[in-house]
Amino acid sequence: MSDNQPKTAIAQRQHSSPGSSWSWWYLGLGLAAFTALVPTLNSSPKGLCPQASMKNAPLQDQMTMNIVKNLTSEWYREKSIRRLAGAVQIQTVTYDDMGPVDRDPRWKVFDDFADYLQATFPMVHSRLKLEKVNTHGLLYTWSGSVSVLKPTVLMAHQDVVPVPDDTVPQWSHAPFSGEFDGSSVWGRGSLDCKNTLLASLEAIEALLEAEFEPRRTIILSFGFDEEISGHHGAAFLASHLLRRYGENGVSVIIDEGAPILPIWGTHIAIPGVSEKGYVDVEIVVRTKGGHSSMPPLHTSAGIAAELVNIIERSPYAPQLHEQNPLVDLLWCGAEHAPRFVPGLKYLIPRRGNTGVFETMKRLLLPRLVSRVNHMAAYLISTTQAVGVVRGGVKVNALPEQTTVLINHRVNVGETSELIRKKLTKLGGVIAKRHNLTLNAFHDSQQQDSSIRIGFMGSVLEPAPITPTQASDEEKDTPWSVLSSTTKDVYGKKVIMAPGINPGNTDTRYYWKLSRHIFRYSPTWDPEVLSIEGIHTVNERASIAAHVKTVEWYLQFLKNMDHAELR
């Protein structure tokens, strides 16, 4: 799972408790409750988090029962362990400085991985059409018998983040060993995300062995550089699919995301129905150089530091916009979770409601959340992080240019225009103070005695929000199929609630293909927290959870095949 700055993410996560990220982001929302106002309003959550079910769910046929029975057998468990362990042992690491696919030899390992998949899943490779897109992108197509039905797409990525040499001694098992300790397979990529890649292939193989014939076309799309932004893999795969199926030509897309998590005294499945936006900004301060024995009052480095200081002292205000899916998550907690503190529900805004009390809620709730837990505040704020500062080559030479790079994650409900306006305003303050020319977000050339501010690379706005409506009397929705499948596999007590991804996945390239994109890893083992070790030491995947994930994929594919979608 990429957040578009792999090295920073690795460093940050190695200094935090393993597996803390997803749970803190969501659990932190509930901590605001202890400072909630004493309830004075009649605000019942009933009916605000309906648990969608399929109207046209297929009956549990003998084929499905036989497949599920096989999945629970010891021989299948052993086979699944070997498959996942073998995949982990192939070191499909991607690095920020990877060159072109046809020139950099470090890409060659993906040939080995493709060969491994072919040897491990012979029926998949004999029955499905495999296309290699931009050399290493793997696109499998199982054509359905009804061509008018839009296909189902399952995504995953083949690559993994590096393992820093100085962290290897901290691993309980070698990071690419694929060691099985009796309950989990250990190693880099076991959770992010060779487990879901293998699980989807295992599900297809099981359906083929059972002689299942799909009505709806099934597509597996596996990128190979998600951890470094997906420019070579997912970007090409998505373009290929868009040319073939057209805009909104796919029924549903499933990619990596949050698993089922223990929150508020229950277990909640939180498919990501949107992602925060991503914006990098470059600031270049140019002043006259010279010898440090005759310095001006402020050098370019000092002025840049002054600008950074004023930027960091002006964070973006937390805002829980009406369209943010976290509103739905909070209502789901209020309605279904036994440990959701009652006071919090009185601060959750209702969509479409107006008036002074609703205005107070929209102002108060995000500020309480941000004060109580800054990790939770990330989900309701546009964030800024100064990641790179460089300038000067010698301590006794005045730097003629100092560069600052700032990463932003754009809140759902906001746009990059918010960033442009803020930095233009603050840059103007500093430029005026030091008699410099400000060139903010223009294509003009750099000039002496100036501050230049501009976007780096492409600007990624927040992802479109996937609909989560329930089925009507006659038709199903992708959300209801997703929900029904999860409850069928993991039990009716699992609560379905939409969420957002704070980072970005390969789905950023697939937006035009479908309105129904879910970032969701349908995995759960009550004995093992399923997110421990992602991007840090001791990454491991519970084999019990992995086998249930295989079951989820095959049930989902069968349900989608039967669904009459509106």
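Glycine residues also receive a Cβ, built from the backbone N, Cα and C atoms like all the rest.
Any TrEMBL annotation is an automated prediction that lacks curation.
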According to TrEMBL, D192, H535 bind Zn(2+) 1; which of E227, E247, E474 is also listed for that site?
E227
Zn(2+) 2 binding, same site as D192, D255 - TrEMBL member from H157, H231, H291:
H157
If you count other CB atoms within 10 A of each CB, which of H157, H535 wins among these binding-site residues?
H157
Rounded to a whole angstrom, what is the C-alpha distance between D192 (Zn(2+) 2 binding site) and H535 (Zn(2+) 1 binding site)?
8
Going by DSSP, is D192 (Zn(2+) 2 binding site) sitting in a helix, a strand, or coil?
coil
Have a look at the recorded positions E226, E227, H535 and say which one has the shortest Cα distance to D255 (Zn(2+) 2 binding site).
E226
Would you please pick out, from the binding-site residues D192, E227, D255, the one with the fewest other Cβ atoms within 10 Å of its Cβ?
D192
